[in-house]
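The structure appears below as structure tokens.
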Amino acid sequence: MSKQKHSASSSRWLKEHFDDKYANEARRKGYRSRAIFKLEEIQQKDKLLKPGMTVVDLGAAPGGWSQYAIGVVGDSGRVIACDILPMDSIAGVSFLQGDFREDAVLEALLERIQPDMVDVVMSDMAPNIAGNNSVDQPRAMYLVELALDMCRQVLAPNGSFVVKVFQGEGFDEYVKEVRNMFKVVKIRKPDSSRARSREVFVVATGYKG
């Protein structure tokens with residue numbers, strides 16, 4: 001029974017992927033992933049990224065967001081990316097493979113950032129999905145809390161934060177926490193997000209420090 005369910009789910013994902021105009025466009029343009037279009041749409045609306053900025057990208061692999069960000073911040077800017085998974089190199093992007101929940105990895109990440117402060121913290125992190133919302137949602141909320149804690153450590157005053165969050169238990173409390181730390185907070189659902197997905201992006205500007 002479970003095997004049939006898994007097969008049906010896999011078939012649906014494959015059909016969506018190959019019928020997906022964003023996935024097709026990403027392949028055509030040589031982008032790392034369709035996720036790049038989500039950040040592109042957020043950038044068009046909120047103008048988070050500017051030339052010369054320093055950006056931290058959490059959960060970076062396969063590199064779509066880093067690829068887009070370095071294209072905006074340019075040679076005078078910096079993108080520092082981190083992920084548990086490997087990521088092929090991107091010109092201008094400093095990538096650290098590891099779990100930043102571990103002290104040694106966090107220290108290595110902070111060493112790459114400091115003594116500078118960061119203009120934008122980005123997180124497209126998501127947990128491995130178990131298929132059980134009572135397990136998946138707390139895992140997802142734990143990751144977004146970690147991303148917010150990274151802001152507390154490295155984000156410059158008036159800096160910006162964009163994070164993928166799954167709507168569900170803990171979502172409203174999290175948004176309230178972000179509002180306490182930033183002057184302006186918006187919830188975005190990019191067109192390139194799949195309609196059935198619970199993901200939204202919390203976009204926060206004007207870090208109070």
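Even glycines carry a Cβ here, placed using N, Cα and C.
Sequence annotations record features per position, and here Swiss-Prot assigns S-adenosyl-L-methionine binding site to GLY63, TRP65, ASP83, ASP99, ASP124. Under the DSSP three-state reduction, TRP65 (S-adenosyl-L-methionine binding site) is assigned to helix.
Packing around LYS164 (active site, proton acceptor) is summarised by its Cβ count: 23 other Cβ atoms lie within 10 angstroms of its Cβ, all protein chains included. Positions annotated as active site, proton acceptor by Swiss-Prot: LYS164.
Annotation: ASP124 are the binding-site residues among GLY63, TRP65, ASP83, ASP99, ASP124 whose CA atoms are within 10 angstroms of the CA of LYS164 (active site, proton acceptor). Of the listed binding-site residues, namely ASP83, ASP99, ASP124, the sparsest CB environment within 10 A is found at ASP99.
Under the DSSP three-state reduction, ASP124 (S-adenosyl-L-methionine binding site) is assigned to coil, being neither helix nor strand.
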